[in-house]
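Student: After the structure tokens below, expect a handful of questions from me.
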Ligand SMILES: O=C(CO)[C@@H](O)[C@H](O)[C@H](O)[C@H](O)COP(=O)(O)O
Ligand SMILES: [Zn+2]
């Protein structure tokens, strides 16, 4: 007999994914277009998030720099969550709030994209990174949940907001994961066309 708690996790995740597919298809398409245009113009993508979303940032960067499902040239994406010397120096000397924004200041250029993950939409270091990205004429693709929180209020019309319609962090993260795979696939399709996977 299947453990009902385990079954409930799978059921809730599957139900949310189907519900989210219709709500998020349009912003996901916009994110793909925005990123493909930026990459085609020689710009790059900077990604940040806390906890599980730090892992999502790294997962995304790995699939752009390495590959997703098709062989292609490396694409420029950088997770701002990996350099422990930068993270500890900025966190120690300034504040945890600035661990990503300082890196956006250092690496971000006009036309680059900030990919910002926050399930609550309220993490201060992500909000600070978005603020600096806007100052540097970057576009923001924000993956949130729980109604979008404060992040939903600071995004502008040039940005893309992918807000998962759920209040549970784990479920939101699960939809963020399928979303980032959709984006990787969309970038490959924009490069090579809609052929069967190799
Ligand atoms: O992975 C999980 C929970 O599933 C946690 O590590 C979670 O990512 C952390 O609590 C984060 O600090 C939450 O931040 P945010 O998504 O609200 O911006
Ligand atoms: Zn988690």
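Positions of Cβ are set from backbone N, Cα and C atoms, glycine also.
Note that TrEMBL annotation is computational and uncurated.
Annotations for this protein, taken from TrEMBL, read as follows:
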- 50, 51, 52, 63, 92, 93, 118, 119, 120, 123, 173: substrate binding site (BINDING)
- 59, 63, 173, 181: Zn(2+) binding site (BINDING)
- 35-197: domain 'SIS' (DOMAIN)
Student: When the Cβ positions of the binding-site residues 59, 63, 92, 118, 120, 181 are compared with the atoms of ligand 2, which fall under 6 Å?
Tutor: none
Student: Taking only the binding-site residues 59, 118, 120, 181, which have a CB closer than 6 angstroms to any atom that belongs to ligand 1?
Tutor: 118, 120
Student: Which ones are near residue 118 (substrate binding site): of the binding-site residues 59, 63, 181, which have a Cα within 10 Å?
Tutor: none
Student: Cα-Cα separation of residue 92 (substrate binding site) and residue 181 (Zn(2+) binding site), in Å?
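Tutor: It is 34 Å, counting Cα to Cα.
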Student: Return the residues near residue 173 (substrate binding site), defined as same-chain residues 6+ apart in sequence whose C-beta is under 8 angstroms from its C-beta, sorted by sequence, else 'none'.
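Tutor: Looking at Cβ-Cβ distances below 8 Å from residue 173 (substrate binding site), excluding near sequence neighbours, one finds 52, 53, 56, 119.
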Student: If you measure residue 181 (Zn(2+) binding site) to residue 120 (substrate binding site) at Cα, how many Å is it?
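Tutor: If we compare the Cα positions of residue 181 (Zn(2+) binding site) and residue 120 (substrate binding site), the gap is 21 Å.
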Student: Looking only at DSSP and grouping its letters into three states, which state does residue 118 (substrate binding site) belong to?
Tutor: coil
Student: Just to confirm my parser: what is the rounded mean pLDDT across the domain 'SIS' (35-197)?
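Tutor: Residues in the domain 'SIS' (35-197) carry a mean pLDDT of 97 in this prediction.
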Student: Tell me the coarse DSSP state (helix, strand, coil) of residue 181 (Zn(2+) binding site).
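Tutor: Assignment for residue 181 (Zn(2+) binding site) reads helix.
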Student: Compute the C-alpha separation of residue 59 (Zn(2+) binding site) from residue 50 (substrate binding site), stating it in Å without decimals.
Tutor: 13
Student: How many Å separate the Cα atoms of residue 120 (substrate binding site) and residue 63 (Zn(2+) binding site)?
Tutor: 25
Student: Sorry to bug you, but what's the C-alpha spacing from residue 63 (Zn(2+) binding site) to residue 50 (substrate binding site), rounded to the closest Å?
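Tutor: Distance between the two Cα atoms comes out at 19 Å.
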Student: Look at the binding-site residues 50, 118, 120 and tell me which residue has the greatest number of other C-beta atoms within 10 angstroms of its C-beta.
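Tutor: Comparing the binding-site residues 50, 118, 120, the most crowded Cβ belongs to 118.
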Student: For residue 63 (Zn(2+) binding site), what residues in its own chain, 6 or more apart in sequence, show a Cβ-Cβ distance under 8 Å?
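Tutor: Set apart from residue 63 (Zn(2+) binding site) by at least 6 residues yet with Cβ under 8 Å, we have 180, 181, 184.
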